[in-house]
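Before any comments, here is the structure.
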Amino acid sequence: MAFSTSSLLSTNFLGARNIPTPKTTKPSISLPLFFKTKFFNSQNDNNNNNSEPIKSAAVSALILSSMFTPAALAADNLPPPPPPVLEAQPNQLNPANSTSPFSQNISLTAPKPQAQSSTDLPDGSQWRYSEFLNAVKKGKVERVRFSKDGSVLQLTAVDGRRANVIVPNDPDLIDILAMNGVDISVSEGEQGNGLFSFVGSLLLPFLAFAGLFLIFRRGQGGPGGPGGLGGPMDFGRSKSKFQEVPETGVTFADVAGADQAKLELQEVVDFLKNPDKYTALGAKIPKGCLLVGPPGTGKTLLARAVAGEAGTPFFSCAASEFVELFVGVGASRVRDLFEKAKSKAPCIVFIDEIDAVGRQRGAGLGGGNDEREQTINQLLTEMDGFSGNSGVIVLAATNRPDVLDSALLRPGRFDRQVTVDRPDVAGRVKILQVHSRGKALAKDVDFDKIARRTPGFTGVDLQNLMNEAAILAARRDLKEISKDEIADALERIIAGPEKKNAVVSEEKKKLVAYHEAGHALVGALMPEYDPVAKISIIPRGQAGGLTFFAPSEERLESGLYSRSYLENQMAVALGGRVAEEVFGQDNVTTGASNDFMQVSRVARQMVERFGFSKKIGQVAIGGGGGNPFLGQQMSSQKDYSMATADIVDKEVRELVDKAYERATQIINTHIDILHKLAQLLIEKETVDGEEFMSLFIDGKAELYVS
């Protein structure tokens, strides 16, 4: 059986490792670095001496093959001859005595010239890889030209036709081509590649720079500027909301319970609408108006009403929006806000919660170049600086006027400070009427009674009250909101929701009933003290029971408390502990802990701040250094000696002991009423003020006289 050299070598490379091959000299071929240049792996079998003839034959075949390569015949311009042929006699194979599949008697004969036929070549200009390998092994491929990346090659067949082949990752391809006498070359690319690479190296950085330039231009004034899609320079842009014709849906008619504040702001609105009326008298438009008041009193609502009434351009923002991640953003946004406002003058700029940037300077904490200080300095300059802000009215709101910088509050910046305080009874009635719109109310709902039971409530508190009452009515499947739902909603807001599933033992229930009865009894018999509104032993929140007193409206509005009222307040707070002592000193509980804290706080204020101590006198001590973060003193030093501190402690103890004695005297005198009231609470769990007073009248109780 005859084997061609190409067949023998291809068999060796395709894995026929049982055929030993000698070490040969590799053909000198210029190949790209990424191709594998290993052609043969010599396999030496020292234990088999019968393989020497086949080794000699293979060596001769390789020598003949290398002698007839195109490189060797290039000088004569002759075509390369076909490779030599190894002939092996099949009857000489002796597998039992040799590891080679061939016998030792192998003769090397000259190759027989054969005419190449082009009819066996594939058609088309694109060959499959398997077709390409078959053509190479049959000697029908003259040369190949690899692309620069080695993924594609172009072949030239012996008949001159050309075709392209997609090259897979085959490490044996170069070996196969070399052993079959195929000329190998690599494409160096197009002639213009060098120029293209040079231009590309310059073009890419230019495009990157142009892209960055467009992004920054977009952030400064392009589509990403004010009202745009955003950009990196938007950090310095104000985030204020602008309305050319404000449509807040709120007018002064929707604001109730703040008549004085409305009057002040209505003048500002009238100034914008009718400036000639004021300028004829030489009046100047106020530059700023600061709304001051507790949280929930309607400062922002008033600002929305101003926007709805004025009919002028309106800018609104929160002070916290000025300060961002980067240093200097606050001052930049203040400048941007006032630049836009001046372009729309006359207009109104509303800054909510201005204490976020307007805090007092000079504390020195966090360095002298504090970001907040830069922002407030820029704000001061814009409001009343060298250039002024003609036509721009600044409307601001805060619930912390004590922390604002004095330079911000002076006339010329904030000319007016409008106090928006908690509403009185008449104001609460109007607010309840506003927030009851759209709600189905029963006929027994009396706004005047609700207003008198809610002293100190702000507009937001009353809005929440009516909303909670509506939710309770819906939960109970009612079609109207009655006074019971409003009363339950009020207790829920003050003390928390009822613990309906709480398991309370009879002993604990009795103890809580006596504790609350003690508070109510002492409070009702103290002269000039608040009347009892309701007593309940239903657990709510953290409290096991509650006693509601109706504080005086006049006392709340004025904030003036007499010495007798404070002494009565301490006695009422201690009435619960005194009532628990009915069961013996060993049965008192920790339920009076909050009462003790309240008593101690009131007694210490009476001695240190109010001048109600004869030994200390009319002196305020223990004021401290103030809050260092508000620009005040860092440390809080005592301004009195240790001897004075001992006197203060003794005076506080004396006031508390006196209040305890008064509560004990009242309960011991009216012990029968205490038992009846506690029993009534155990039975009903809730006793209102009218039922409580009827019990007092029946028991012929008398007011305490010191």
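We number each residue from 1, going along the chain as drawn.
Including glycine, each Cβ sits where the backbone N, Cα and C put it.
Taken from Swiss-Prot, the feature transmembrane segment covers 54-74, 196-216. For 74-123, the entry in Swiss-Prot reads region 'Disordered'. Taken from Swiss-Prot, the feature compositional bias 'Polar residues' applies to 91-120. Residues or ranges marked as ATP binding site in Swiss-Prot: G293, P294, P295, G296, T297, G298, K299, T300. The annotation Zn(2+) binding site is assigned in Swiss-Prot to H515, H519, D595. The active site annotation in Swiss-Prot covers E516.
Using Cα positions, the member of the recorded positions H515, E516, H519, D595 nearest to P295 (ATP binding site) is identified as D595. Closest to H515 (Zn(2+) binding site) in space, going by CA atoms and restricting to the binding-site residues G293, G296, G298, K299, is G296. A simple Cβ count within 10 Å picks out one of the binding-site residues T297, T300 as the most packed, and that one is T297.
Under the DSSP three-state reduction, T297 (ATP binding site) is assigned to coil, being neither helix nor strand. Neighbours of D595 (Zn(2+) binding site) among the recorded positions G293, G296, T297, E516, defined as a Cα within 10 Å of its Cα, are absent: none qualifies.
Other residues of the chain with a Cβ within 8 Å of the Cβ centroid of G293, P294, P295, G296, T297, G298, K299, T300, the ATP site, are A397, N399, V420, T458, G459, V460.
Sitting within 8 Å of the Cβ centre of H515, H519, D595, and not among those site residues for Zn(2+), are the Cβ atoms of E516, G518, T547, A573, L574, G575, G576, R577, A579, G591, A592. The distance from the Cα of P294 (ATP binding site) to the Cα of E516 (active site) comes to 31 Å. Around G296 (ATP binding site), the same-chain residues at least 6 positions away in sequence with a Cβ under 8 Å from its Cβ are T458, G459, V460, D461. When the binding-site residues T297, G298, K299, T300 are compared by Cα distance to E516 (active site), the shortest distance belongs to T297. Sorting the binding-site residues G293, P294, P295, G298 by the number of other Cβ atoms within 10 Å puts G298 first.
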